[in-house]
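What TrEMBL says about this one:
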type: DOMAIN; residues: 13-143; note: domain 'EamA'
type: TRANSMEM; residues: 43-60; note: transmembrane segment
type: TRANSMEM; residues: 72-93; note: transmembrane segment
type: TRANSMEM; residues: 99-120; note: transmembrane segment
type: TRANSMEM; residues: 132-149; note: transmembrane segment
type: DOMAIN; residues: 158-293; note: domain 'EamA'
type: TRANSMEM; residues: 161-177; note: transmembrane segment
type: TRANSMEM; residues: 189-210; note: transmembrane segment
type: TRANSMEM; residues: 222-245; note: transmembrane segment
type: TRANSMEM; residues: 252-270; note: transmembrane segment
type: TRANSMEM; residues: 276-293; note: transmembrane segment
Amino acid sequence: MTAQTSVFKNLPLLVIPPLLWAGNVIAARGLRGDFPPLTLSFGRWLISLMILLPFVWKIIRHDKALYRKHAVRVVGTALTGIMAFNTLVYIGAQTTSGTNILLLNSCSPILIMLIGALFYGQTLNRFQVSGLLLSLVGVVTIIVQGNFGNILDLHPNNGDLWMFLAVVCWAFYTLWMRDMPLEINRFGLMAVQMILALPILLIFALWELLGGSSIVWNTNTVIGLAYVGIFPSLVAYCCYTALIVRVGALRAGLTIYLIPVFGVLAAVTLLNEKFYFYHLIGIATIFGGIILSNKKSSKIPSAG
């Protein structure tokens with residue numbers, strides 16, 4: 001089977017994950033004001049765990065010794081990938097646009113490369129260094145809205161900075177997951193990560209609600225909560241895992257770059273957000289950096 005035939009045959013698996021992950025950002029923006037971000041993150045993973053746990057309980061019991069053996073890595077991935085990443089995305093969605101969230105998320109392969117070089121001794125060639133710098137310019141362009149004089153006016157609670165912190169967490173999660181032993185079943189591991197993250201998320205959610213935040217229950221919030229709890233978490237993950245098995249991790253990773261495409265189109269059409277020229281410049285620069293950095297290296301994916 002040729003590469004073209006393989007990709008065409010698995011087209012649904014190629015399209016579904018980035019489409020659903022982009023929808024996660026749109027849902028977060030649509031629920032702002034009605035569903036507090038910390039509580040939304042807790043609700044998302046609680047729903048996911050309730051659905052997943054009955055199917056993987058035997059797997060968890062089988063891999064119990066492996067979880068203990070690799071406890072530091074298991075806990076680390078739970079804190080960064082489950083607890084922190086989406087929580088920070090939902091916080092950022094309160095004050096920045098869905099378009100910015102999606103475009104900043106697209107720089108994750110470059111950030112993974114940088115963190116790998118700084119903390120794990122991975123060497124960078126000249127293409128990777130050039131791509132890293134180029135993508136950094138693209139990220140800054142989006143954050144300062146095309147005016148580099150705005151750098152002096154940035155505040156710590158800026159939604160773009162929350163999102164950038166989320167991408168940092170995802171980069172560490174990806175690097176730790178990449179080195180997770182293959183003998184650990186990924187679906188069972190995902191459930192264990194949820195189990196570890198949920199108690200912390202519950203504390204944050206209670207703190208948020210007791211602090212005066214409240215949920216506005218209506219049709220939109222119920223549908224939005226159900227969506228983020230089922231589709232970006234479970235359906236997209238299952239499709240992506242199946243895709244890796246069928247076409248390999250390298251080709252599967254290419255689906256990540258469809259997230260901004262689907263997401264920006266949805267943000268403009270469903271949320272009536274505006275697409276500015278600096279968005280175009282930023283995304284072109286980020287993707288130019290990614291292409292340049294991968295001239296002699298492999299792509300590493302991110303998700304939502």
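Backbone N, Cα and C define each Cβ position, glycine as well.
Those TrEMBL annotations? Automatic predictions, nothing curated.
The transmembrane segment (43-60) shares more Cβ pairs under 8 Å with 222-245 than with any other stretch in the list 132-149, 189-210, 222-245.
Panel annotation: around the transmembrane segment (161-177), residues 73, 76-77, 80-81, 84-89, 91-92, 95-96, 100-101, 104-105, 107-108, 111-112, 114-116, 120, 139, 143, 154, 300-303 of the same chain, lying at least six beyond its termini, place a Cβ under 8 Å from a Cβ of the stretch. Counting residues 6+ beyond its ends, the transmembrane segment (99-120) has Cβ neighbours under 8 Å at 22, 25, 28-29, 89, 92-93, 128, 131-132, 135-136, 138-139, 142-143, 159-160, 163-164, 166-168, 170-172, 174-175, 256-257, 259-260, 263-264, 267-268, 273, 275, 279, 282-283, 286-287, 289-290, 293-294, 297, 299-302, 304 in the same chain. By the count of Cβ pairs under 8 Å, the stretch nearest in packing to the transmembrane segment (189-210) among 72-93, 132-149, 222-245 is 72-93. Helix, strand and coil counts under DSSP for the domain 'EamA' (158-293) come to 113 helix, 0 strand, 23 coil. Listed by sequence, the residues of this chain that lie at least six past the ends of the transmembrane segment (222-245) yet keep a Cβ under 8 A from its Cβ atoms are 10, 12-14, 16-17, 20-21, 23-24, 27-28, 30-31, 35, 40, 43-48, 51-52, 186-187, 190, 251-252, 255, 303-304.
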